[in-house]
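Colleague: Reproduced below are the annotations present in TrEMBL:
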type     : residues : note
DOMAIN   : 56-405   : domain 'SLC26A/SulP transporter'
TRANSMEM : 58-78    : transmembrane segment
TRANSMEM : 85-102   : transmembrane segment
TRANSMEM : 137-154  : transmembrane segment
TRANSMEM : 161-182  : transmembrane segment
TRANSMEM : 234-254  : transmembrane segment
TRANSMEM : 329-347  : transmembrane segment
TRANSMEM : 367-387  : transmembrane segment
TRANSMEM : 394-420  : transmembrane segment
TRANSMEM : 440-465  : transmembrane segment
Amino acid sequence: PVDPAPGGKPAARHGGCPSRDSWLEWLIGAPSLHEFFDVEGWTRMTAKEKASYVRSEVALGITICFAQIPESVAFAFMAHIKPPVAIHAAWVVGLICSVFGGRPGMVNGAEGAFAAIIATLIPEPATPGGNGAGVELLFPSVMACGAFMLLIWLTRGYRFISLVPASVMLGFCNGLAIVIGLSQLHPFKEGHGEHKHWVGGSRLWCMTAEMSIAMLVMEFVPKIPHKAARVLPSSLLAIFSAVFIEFCLVRGVAGAKTPVIGEVAEFTLTYPYPFFLDSDYDMGLIGAGDAGKILAQGALLAIAGIVQGLLTTEVVYDFLKTPTNASAVCLSCGVANIVSGFLGGMGGDAMIGLSTINCLNGGKGRLGPTVTALGIAACMFGAYPLLNFIPVAALAGVMIVVVLHTFKWFSVPMVAAAALPASLRKPLRLPESVDRWDMLIVAVVTALVVALNLVYAVGVGLVMASLRYAWETARELDIEDAWQDGAKVYLVRGRLFFGTSMRFHTYFDYAEDPEEVTIALDAAPADYSASAALAKVEAMYRRQGKRVSITFGTPGFMQASPYEEAASPGGERV
């Protein structure tokens, strides 16, 4: 269900492929629109419950709106694009995914994973707050990203998210946090290229003070045990505090100033319309030779978006314990990115930080995130002049707090313990029992996210985890022999697959075994390498004039006994 109500259906995680009996169920993962939007749950609410639900969701949606705007601006600077490009993406992606997505309570918009990848496509702008060279390639890349997401939805590829191990997830989150954190140093530098340098003097001290106060307000005001501390979101209070310091103290008393958004990238009234009609972009810069770059960038964005989105659904599920419709999550995100790219936005996906804040404050359904998206649109079309007064240092402070909560700090002592001998762990109060290979994966994925990008890092992490699993599984193969009714029986415990197939034939005594030999496997061969290994063993017994029968304890993924189709090394079919 979407908007949880008393008496709703029991919670269940997203599972297998939806039934094909109904095209609607195949399309959105629910047998009817009535069930998809949980209209029945709404009708079971009393008038008082409806009023309370709407009031809390609308209030929370407005709160998240004011928290998301400064984040989107910060991500725009991180991606080397103008802030309106990110904010238009925030409300377009947020609105489509909130209304038609499959995860109630989840906030979507311009996000750090997208910004980190886009920053590798678009170089830093010559003018602070502007668009980097080649920004015209961004919008078709975002549309290609949406198309790839629809392909993942069509093939149900999102189910493979279950193959991503926890160690890769940890490295993903830590690396993303570091990338976002490093990007917040940009406001403290001036100049371009070789002439870029750190700001100094009173300007540096004023920016540091504004950033620090914004961080303190955002982090500690919500912990004050009083209702007044929760009237406004802490991120909005942090911005208000920095604005007061900038215009009343820094400029009014000290006679100095720090950069504000209006001085870096002024907000003006802009409506979303097709990017190729925008006079700010030179479509002549896009040629046929750029198709490969656009598709490659779109694929990277799609993979990052799907991984980030489905990881966030798990976070939201842990809070709400309500079902996730993974099919609708992928479908809505794909459509949202196509629309966003077409209208000149940077695209986006689920936002872990804001989704967590939404759930912690009681957000449960679609209404709150929908109000958030509409609120951002209203700010862009009406209240945009106010955004120009926000100090850039305050945005950095807000984002650093987000970074501190995104980074998985508990993994640091675990990685440190894995690098030290066991004798040093206890004196340093480090975990005494850690899996060194898993911690190596965490460290490698984290480093690759920072050095390369999120998708390559996750891919390397998956390869490392797969190699480790294959190695450990190969070591578990054990073969014992016994006698039964005059026949030799080999009991094969463990998995016969490519990791164990090469040495499999060495376990048998072809010359001394009797005429009848039985090979009893716990499970059917897992792949062609295993099938070929069985064929080789049977062929070698045949050359000795002996007969072999092979049995499986549990069936494999193949329909027939695969070893019957395999060819022995000598070319024989057995």
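Positions of Cβ are set from backbone N, Cα and C atoms, glycine also.
For each listed feature, how buried is it and what is near it?
Modeller: For the transmembrane segment (137-154), the list of distant contacts is 81, 85, 118, 121-122, 275, 281, 285-286, 290, 293-295, 297-299, 301-303, 305-306, 327, 330-331, 333-342, 344-347: same-chain residues at least six beyond its ends, Cβ to Cβ under 8 Å.
Within the chain, the transmembrane segment (440-465) has long-range Cβ neighbours (under 8 A, six or more residues past its boundaries) at 113, 116-117, 120, 163-165, 167-168, 170-172, 174-176, 178-179, 182, 299-300, 303-304, 307, 411, 414-415, 418.
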Colleague: For the transmembrane segment (234-254), what are the same-chain contacts with Cβ under 8 Å, counting residues 6+ beyond its ends?
Modeller: 63, 66-67, 70-71, 202, 206, 209-210, 213-215, 217-219, 221-222, 260, 389-391, 393-395, 397-398
